[in-house]
Amino acid sequence: MRPAPRLDLLFGPALMRRVSTARVLMVGAGGIGCELLKNLVMSGFTRIDVIDLDTIDLSNLNRQFLFQKRHIKQSKAHVARDSALRFHPAAEIQSHHANIKDERFDVDWFRGFDLVTNALDNLGKIDRLTDVCSVDARRHVNRMCLAANVPLIESGTAGYLGQATVIQQGSTECFECQPKPTPKTFPICTIRSTPTAPIHCIVWAKSYLFTQLFDRPEDDEAAAISSEKSDTAELESLRRETEALARIREAAGSASYPRDVFTKVFRDDIVRLASVEEMWQSRAAPVALDFNTLQQGAEVAEAVAAATNAPRLEQRVWSTAECFRTFVSRQVRCFRIASRLGERISTLRKEDADASIAFDKDDADALDFVTAASNLRAQIFGIEQKSRFDVKAMAGSIIPAIATTNAIIAGVIVMQAMRVLERRLDECKTIYLAHGGRRDRLFYSEQLSAPNPTCYVCRNVYVTLPADTRRATLRDLVHHILAPSINEGGLGLGTDVSLMESGRMLYDADWDDNLDRTLESLGLTNGKMLTVAPEDDAILGAGRAVIVIIAQR
């Protein structure tokens with residue numbers, strides 16, 4: 001297969017020559033990235049670098065069509081390259097299984113590209129860590145493109161929604177000109193005492209109970225539970241409950257383990273919570289579950305299921321009996337989840353005392369455990385219960401991805417790229433893909449916005465400084481580069497400046513302890529960005545700074 005024939009008739013021979021020689025960097029080889037890489041090679045782009053740190057997961061296969069089952073656990077970037085070359089074997093595609101923030105991908109490396117495309121994770125996920133990582137990578141790419149003065153096409157999808165826009169230093173808004181939504185977190189008191197929505201029960205089951213029993217409890221802060229609004233008594237109560245679970249955790253793999261866990265979290269804790277009468281004056285009190293009663297009901301339900309061979313459909317909400325036997329039963333192999341997880345962790349800890357089982361949405365045992373535990377808790381508090389399918393989407397921190405949405409946005413990116421390469425930035429727009437709106441339209445567009453004059457990123461001046469970081473000192477930087485006037489070969493900022501790197505104060509006029517240290521000893525190595533802010537606003541303008549990018553010489 002080759003690029004579509006006679007594209008020069010559609011776009012013109014001059015543009016197609018430019019397309020065939022342009023170097024393009026594609027950041028991300030997931031949902032959008034797979035479609036985009038295919039589109040690029042089929043549109044005549046032949047010099048492409050693709051970078052992604054992720055590996056292929058089973059859940060990717062329904063929408064990332066460059067991957068197959070045999071590719072699971074392999075590098076997305078490498079497999080995407082190999083698959084795309086089947087469309088256009090003559091293309092020069094370089095793949096990098098790496099973090100875009102690695103020092104080797106410095107400003108000079110970015111300057112080697114004519115265009116950068118961001119095809120990273122969407123911004124609408126539930127999970128706080130995924131959000132932070134995705135936004136952090138986007139910010140990094142945004143700043144590198146600003147520093148290198150390379151146009152960036154930013155994109156994202158979430159379900160049926162998508163968008164793509166162009167960022168050009170000095171001409172348009174950058175990614176950070178407007179504030180981004182804060183990832184959703186939940187106060188501890190809501191999660192452990194007063195849940196009101198299914199997501200509260202799912203977060204409790206995944207981020208608290210599963211973590212305490214099978215994962216590393218000290219990583220519990222990684223869950224979407226915030227202690228910012230929780231009082232000391234609440235945190236102390238949580239600590240006591242955690243210690244009680246830790247004692248039960250030591251019995252993992254024993255015959256009594258499932259019953260011990262069930263009795264503590266679904267009976268004892270709930271009875272104690274319900275006894276605090278003032279908490280339930282305006283809402284229904286929780287109702288504890290009884291192990292023996294549910295066990296009798298589960299035996300009947302199990303017999304009926306065995307007699308009818310009834311399947312447990314992914315999108316059907318489990319009954320209480322099904323949740324119970326999923327959680328505790330040792331008789332039916334496919335249902336003995338707490339027992340099996342307990343046996344797994346017990347076996348692992350015989351070899352490594354610190355072994356753990358992290359939640360994975362594609363681990364059937366882990367997903368069944370969270371589904372059963374969250375629905376049992378939902379029943380206790382009179383909350384709507386969710387199917388295994390819904391729990392997987394919510395606990396797995398994924399918005400259901402639509403392959404068609406990714407394909408459409410990938411097509412929009414290529415059309416934007418054509419305009420950028422033709423230097424027709426004035427014709428580029430921010431394109432939105434919408435679905436189910438009041439108007440019968442799929443696409444909406446708006447003019448690219450001018451840079452936000454108060455943006456703390458793109459209002460700054462970017463300067464690359466070649467330096468031998470092993471020999472050059474901070475004094476050399478301040479007195480020979482920053483202070484001298486432009487006519488003298490310096491930046492004309494004076495010595496009354498503050499120097500910051502990644503939130504660290506390295507120098508200001510009243511604190512010069514680091515002046516005689518080398519740049520390397522201060523961590524100012526290749527690719528690091530040093531923010532230089534003059535005390536006198538008249539030099540650069542209020543709030544502006546110079547970003548000095550270190551380039552190892």
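Each position is counted from 1, following the chain as shown.
Just so you know, glycine gets a Cβ as well, placed from its N, Cα and C.
All annotation found in TrEMBL is predicted automatically rather than curated by experts.
Keep in mind it's a predicted model, so treat the numbers as computed, not measured.
Annotation comment: TrEMBL describes 28-33, Asp52, 60-63, Lys76, 121-138 as ATP binding site. The annotation Zn(2+) binding site is assigned in TrEMBL to Cys174, Cys177, Cys455, Cys458. The domain 'THIF-type NAD/FAD binding fold' annotation in TrEMBL covers 10-455. According to TrEMBL, the feature domain 'Ubiquitin-activating enzyme SCCH' maps to 353-392. The feature domain 'Ubiquitin/SUMO-activating enzyme ubiquitin-like' is assigned by TrEMBL to 467-533. Among the features that TrEMBL reports, transmembrane segment is placed at 393-415.
Here the C-alpha separation of Leu61 (ATP binding site) and Cys174 (Zn(2+) binding site) works out to 33 Å. For the binding-site residues Leu61, Cys455, Cys458, the largest tally of other C-beta atoms within 10 A is found at Cys458. Ala137 (ATP binding site) is surrounded by 19 other CB atoms, counting those within 10 A of its CB over all protein chains shown. If you measure from the Cα atom of Ala137 (ATP binding site) to that of Cys455 (Zn(2+) binding site), you get 18 Å. Each residue contributes its Cα atom, and for Ile32 (ATP binding site) and Cys174 (Zn(2+) binding site) these two points are 21 Å apart. Taking the Cβ of Cys174 (Zn(2+) binding site) as reference, residues of its chain lying under 8 Å away and at least six apart in sequence are, in sequence order, Asn142, Leu146, Ile167, Pro451, Cys455, Val457, Cys458. For Gly28 (ATP binding site), the number of other Cβ atoms no farther than 10 Å from its own Cβ, over all displayed protein chains, is 29. Residue with the densest Cβ environment among the binding-site residues Ile32, Cys177: Ile32, by other Cβ atoms within 10 Å.
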